[in-house]
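What follows is a set of notes on a single structure, which appears directly below.
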Amino acid sequence: MALRLGQLGSGPWWRAVRGDYAQLRAPSPRSASACVCRLPGTAGTQPRRGLGHGSSAGGGSRLGTGLAAALAGMAGLAAAVLGHVQRAEMVPKSSGARSPSPGRLEEDGDELARRCSTFMSSPVTELRELGRRPDDMKTKMELMIMETQAQVCRALAQVDGVADFSVDRWERKEGGGGITCVLQDGRVFEKAGVNISVVHGNLSEEAANQMRSRGKALKKKDGKLPFTAMGISSVIHPKNPYAPTMHFNYRYFEVEEADGKMHWWFGGGCDLTPTYLNREDAVHFHRTLKEACDQHGPDIYPKFKKWCDDYFFIAHRGERRGIGGIFFDDLDSPSKEEAFRFVKTCAEAVVPSYVPIVKKHCDDSYTPQDKLWQQLRRGRYVEFNLVYDRGTKFGLFTPGSRIESILMSLPLTARWEYMHSPPENSKEAEILEVLRHPKDWVH
């Protein structure tokens, strides 16, 4: 099923938000997993099948119980529960500081329909439910990540010009589901995945114990801890060795105690992994993220930049995965609305921070030696994701997890050579120096 974004307005879910809810039906497993969304400017291209397309793609993820099941499809959400090694904080800005507008979601059904018409798929939550609670943070976050997914996919498809994003919609029997969009074997991108997950249920005992170990002594009701988790996660691997890989992830989590007390927090980040160092690109990427952070306080970028450098560290290699960006977790201050506005601002910075860099380098000439070095660096990327990334490890060791979406972050190709070491003063050695000793790119 090939769709243009502009044609989504004729679908049944579009009619539903205008009041005809009886016509709203969940897509069949086959049609959902086979969907290919063609974006403006890509007419006439051949549809390509993405990851997660198979017998288990559309019929539910068959997940286990608790949080492990809930994470099905976005490993980054596991880090939101199990990876709180630090607590992110934002201090309220002075009254003289510029404050972004709240961006309140309009309750009018036509406005919601107009906004949803640009998405890659209908939202995971029923539109009637979203319309009933426009001011709820779960609604705001779900619509924001759906919007971000569409914006990123549209921008990447326009850059590639050949390949389409497959749209793989999956459901979770315990509650919620997700939308995995993958473009692979394109002209510019070897593999680009943009995944959304919106899940809810009860925390597993393991997850509850992890929270208690971090000082969150949550009280169960009848042995259960209800939770909601949602987020967007993306990894983009271009073909050209001079175009860097980029990753971003933004998520929201709620847990309700027995007495009705609600705990909530945000997490996420955005980072760049170049094969070869281009200082102009590094400055552009970090400056764009800094400008986004600075809208919410002058001390945020330095703190989250260091956190990123520390987190994406391959200890057995003594290297960072890339040149960093920002990373934060357990963000629950100064208020839910301000924290959301910060996350939204960061999500809006994804396209302007990265797409100009890809456009600049996607047609650069390169040698077989350049490609070889790219494959070796991709090997490092795989090592970090499989050995250190908390969300990936948790998902892989959890029975019933949706493996296709968890491994979406891995490149199509990578390489390992025994005792490989680049020559001194080479451009390969230059990037290694930066990976071993992180730099300040904006001062």
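Cβ atoms are placed via backbone N, Cα and C, with glycine included.
Small disclaimer: the values here were computed from a predicted structure and weren't measured.
Checked against Swiss-Prot, the range among 90-111, 200-221 recorded as region 'Disordered' is 90-111. Of all ranges given (307-343, 381-417), Swiss-Prot attaches the label region 'Important for dimerization' to 381-417. Of the given residue ranges 182-191, 222-231, 352-361, Swiss-Prot assigns the label region 'Important for dimerization' to 182-191.
H247 (active site, proton donor) has S233 nearby among the recorded positions S233, H316, K393, R402, counting only those with a Cα within 10 angstroms of its own Cα. There are 9 other CB atoms within 10 A of the CB of H316 (site 'Important for dimerization'), with all protein chains counted. DSSP assigns H316 (site 'Important for dimerization') to coil, not to a helix or a strand.
For the binding-site residues S233, N249, counting C-beta atoms within 10 A of each C-beta gives the highest total at S233. Secondary structure counts, DSSP: the region 'Important for dimerization' (381-417) has 21 helix, 0 strand, 16 coil. Packing around K393 (N6-succinyllysine) is summarised by its Cβ count: 18 other Cβ atoms lie within 10 angstroms of its Cβ, all protein chains included. Mapped onto DSSP classes, the region 'Important for dimerization' (182-191) shows 0 helix, 6 strand, 4 coil.
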